[in-house]
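Read through the structure below, which is laid out as structure tokens, and then see the notes.
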Amino acid sequence: MPLPVPQIIQRRFTNRQGTPVRKVATGREFIILLTSLMASAALSIDLMLPAFPDMRREFGMSPDSTKVSWIVTSYFLGLAVGPWLYGPASDRYGRRAPLFAGLTLFIAGALLASVAPSWGWVIAARFIWGLGTAAPRALSTAMIRDRYEGTAMAQLMSRMVAVFLLVPILAPSIGAGLIKIAPWRIVFWVPAGVALILMVWSRRLPETLALDKRRPFTWSAVGQAGREVVTHRATLSFIVAMTFLFAVMTTYLSGSEVIVEDVYGYGSWFPMIFGTLAVLLAINSLNNARIVQRMGINKLVRQSALVGVGTSLLLVIVSLTNHGKPNFWLFFIALALVVPIAQGLVPNCNTAAMMPVPHIAGTASSIIATVSTAGAALLGNLATSQFDGTVRPLALIIFTFISIGAIAIFIGTKARTT
């Protein structure tokens, strides 16, 4: 259920007589704005996937080079490091100021990438970009935790993720269209413009962290909060689960383009294929929002984990046919069963990890985001590097990741009930 709005919101936006001096986003607008901030992270990945061939040509890579996947990996590493800056700062100073700082860095990184003269500079700019995008991504979760708890938070997070997943449906096609009418670096310019719009809109965001809930911003306080997070068995188990389940998504993001293009020769279909799977991801998230209220988080994540292991095993079996190059539609159907289940588990594991530590929501959100994102980025890049011209490595790695995630989920749910 939603928690009371902190009185600081009323004080900040009313004068001494209690008369409003500036309207703030509440209710539906509040949720839509936070969802848009979260979606900016996805836009910063999916919009540029169709530009991979152009990047390979401009920076002298071979047509099938997986080196281009570093544009995703470096961004995710920035996303992983950033929360350590914003989380503790937001627990001390409130959520708004760190959010604006991150959006500024977001714009700077995107603009730097748009003029980068070499691949090394692009990778560095993408890291800065990810560092900035970490603010809207992590602080949106913290602001939701400030206002909601339990099943209500899980439902809301699932609905937000469903809307968030509209970006992968549309972004690749938009990106492909943009690079037909403009230089390919337009995929860097557009996110910078979106971030600027979000920065202006975010001036309407209320401060969700009350003064009496703020914690000192000292390294000892951050360390104490960090120890509390990583020593809580349930929270730590769900962080591990999130990391490996999110790695399924980063593996898919980094490796799908080269598989569609090089294994099957359907490069021109990539935006449609990518968007179709994103539709399934969104539908799964909407279903999750309904089911979690009826089943509860513990039962839902356990059953979903078992289904995930089963469907990923099916993916492995399919991948072993025809010398690692199975029928495209058979492989796509198997993949379309696996990825939505793994992705659907991520927000539920995030909610379950946050539940035991509401008093340090900002720092906890940062640690969870850092560990899961950095781990998923590195695991995804490792998975992509194993590409051998077939789909076998992708299938085997996804099965391994989901199996480890399932084990961690069962440990975490047991810890929550004991």
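Along the chain as shown, residues are numbered 1 onward.
Just so it is clear, glycine is given a Cβ too, placed from its N, Cα and C backbone atoms.
Bear in mind that TrEMBL entries carry predicted annotations, made automatically and left uncurated.
Per TrEMBL, transmembrane segment is recorded for 30-48 (among others). Here the transmembrane segment (30-48) has long-range neighbours at 71-72, 75, 79, 99, 106, 110, 129-130, 133, 136-137, 139-141, 143-144, 156, 159-160, 163-168, 171-172, 174-175, 178, 187-188, 190-191, 194-195, 198, 201-202, 204-206, 253, 274, meaning same-chain residues at least 6 beyond its ends whose C-beta is under 8 angstroms from one of its own.
Annotation source TrEMBL lists domain 'Major facilitator superfamily (MFS) profile' at 30-418.
Non-local neighbours of the transmembrane segment (68-86) in the same chain are 41, 44-45, 48, 52, 55-56, 61, 98-99, 101-102, 109, 122-124, 126-135, 137-139, 250, 253-255, 258, 362, 365-367, 369-371, 373-378, 380-381, 384; each lies 6+ residues outside the stretch with a CB under 8 Å from one of its CB atoms. The transmembrane segment annotation in TrEMBL covers 68-86 (among others).
For the transmembrane segment (98-115), the list of distant contacts is 37, 40, 44, 78, 82, 85-86, 89-90, 121-122, 124-136, 139, 185, 188-189, 191-192, 195-196, 198-199, 202, 205: same-chain residues at least six beyond its ends, Cβ to Cβ under 8 Å. Residues or ranges marked as transmembrane segment in TrEMBL: 98-115 (among others).
Residues or ranges marked as transmembrane segment in TrEMBL: 121-139 (among others).
Per TrEMBL, the feature transmembrane segment maps to 160-180 (among others).
Summarising the annotation, TrEMBL assigns transmembrane segment to 186-205 (among others).
Taken from TrEMBL, the feature transmembrane segment applies to 234-254 (among others).
Taken from TrEMBL, the feature transmembrane segment applies to 266-283 (among others).
Feature annotation from TrEMBL assigns transmembrane segment to 304-322 (among others).
Same-chain residues lying 6 or more positions outside the transmembrane segment (328-348) and placing a CB less than 8 Å from one of its CB atoms are 154, 157-158, 160-161, 165, 241-242, 245-246, 248-249, 252, 264, 266, 273, 276-277, 280-281, 283-285, 287-288, 292, 297, 300-301, 304-305, 307-308, 311-312, 314-315, 318-319, 321, 391, 398, 401-402, 405, 409. Per TrEMBL, transmembrane segment is recorded for 328-348 (among others).
According to TrEMBL, the feature transmembrane segment maps to 360-382 (among others).
What TrEMBL records for 394-413 (among others) is transmembrane segment. Packing against the transmembrane segment (394-413) from elsewhere in the chain are residues 233-238, 240-245, 247-248, 251-252, 255, 259, 298, 301-302, 305-306, 308-309, 312-313, 315-316, 318-319, 338-339, 341-342, 345, 349, 352-353, 379, 383, 386-387: each is 6 or more residues past its ends and has a CB under 8 Å from a CB in it.
Most Cβ pairs under 8 Å to the transmembrane segment (234-254), among the stretches 121-139, 186-205, 266-283, 360-382, belong to 360-382.
For the transmembrane segment (121-139), same-chain residues at least 6 beyond its ends with a Cβ under 8 Å from one of its own Cβ atoms are 37-38, 40-41, 44, 55, 59, 70-71, 74-83, 85-87, 90, 95, 98-99, 101-110, 112-113, 191, 195, 198, 362, 365-366, 369. The average pLDDT computed for the domain 'Major facilitator superfamily (MFS) profile' (30-418) is 84. Residues 69-70, 72-73, 76-77, 79-81, 83-84, 86-91, 95, 134, 137-139, 141-142, 145-146, 209, 215, 222, 225-226, 228-230, 235, 239, 242-244, 246-247, 249-251, 253-255, 350, 353-354, 401 of the same chain lie 6 or more positions beyond the ends of the transmembrane segment (360-382) yet place their CB under 8 Å from a CB of it.
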